[in-house]
Amino acid sequence: MQKLKQQVFEANMDLPRYGLVTFTWGNVSAIDRERGLVVIKPSGVAYETMKADDMVVVDMSGKVVEGKYRPSSDTATHLELYRRYPSLGGIVHTHSTHATAWAQAGLAIPALGTTHADYFFGDIPCTRGLSEEEVQGEYELNTGKVIIETLGDAEPLHTPGIVVYQHGPFAWGKDAHDAVHNAVVMEEVAKMAWIARSINPQLNHIDSFLMNKHFMRKHGPNAYYGQK
């Protein structure tokens with residue numbers, strides 16, 4: 001697990017490097033599906049002092065199997081998503097400014113241009129709000145459930161992120177670094193959408209044929225973007 005712990009540590013350290021977190025407001029995890037174990041950031045540990053050996057290993061029920069710290073308070077959310085979507089290899093949660101602003105506004109981040117379409121096939125959805133009962137109960141688990149309720153049976157890697165109403169963004173990917181990459185892009189397109197709608201409040205969504213082209217040339221069966 002040492003290699004995965006190092007990867008998760010590096011991915012967590014990318015969050016402040018890319019300006020996605022303030023203080024300790026964020027976490028990254030990754031899963032070893034063969035072993036059924038998840039590595040995640042420890043709760044409340046400052047990035048400035050954090051080391052790879054501080055990462056916490058939990059099983060799929062959330063039981064700590066390795067580590068001296070408590071795991072992130074959002075661990076149950078991560079585990080619920082890993083259980084539901086086998087294509088996920090890494091998950092990120094932040095409170096990055098612009099994506100969180102859309103979450104607080106209760107609005108999906110609209111697909112307005114090709115930058116968005118290169119990564120997200122359509123709007124980045126916003127969940128419904130959690131009920132008082134859901135919040136007072138197993139809050140973090142129910143956060144995962146409301147994300148799943150919103151995504152349904154869609155392939156999560158086609159829209160690798162979501163904003164949870166009144167909370168903030170979650171992003172995911174094939175591994176921890178891919179998840180962070182998608183979180184960075186989500187914050188950037190959230191900022192772009194806010195600026196674009198400020199300039200032109202009547203702005204429509206990107207044309208569907210242009211969105212399809214940009215997404216499929218990177219992610220479709222006949223993708224040709226980048227090097228083989």
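Yeah, the Cβs are placed from backbone N, Cα and C, and that goes for glycine too.
Going through Asp74, Asp118, Asp153, Asp178 against Swiss-Prot, the one listed in the Zn(2+) site together with His93, His95, His167 turns out to be Asp74. Cβ proximity to the Zn(2+) site centre (mean Cβ of Asp74, His93, His95, His167, cutoff 8 Å) flags the following additional same-chain residues: Trp25, Gly26, Asn27, Thr77, Thr94, Val164, Gly168, Pro169, Phe170. In the three-state DSSP assignment, the secondary structure recorded for Ser73 (substrate binding site) is coil.
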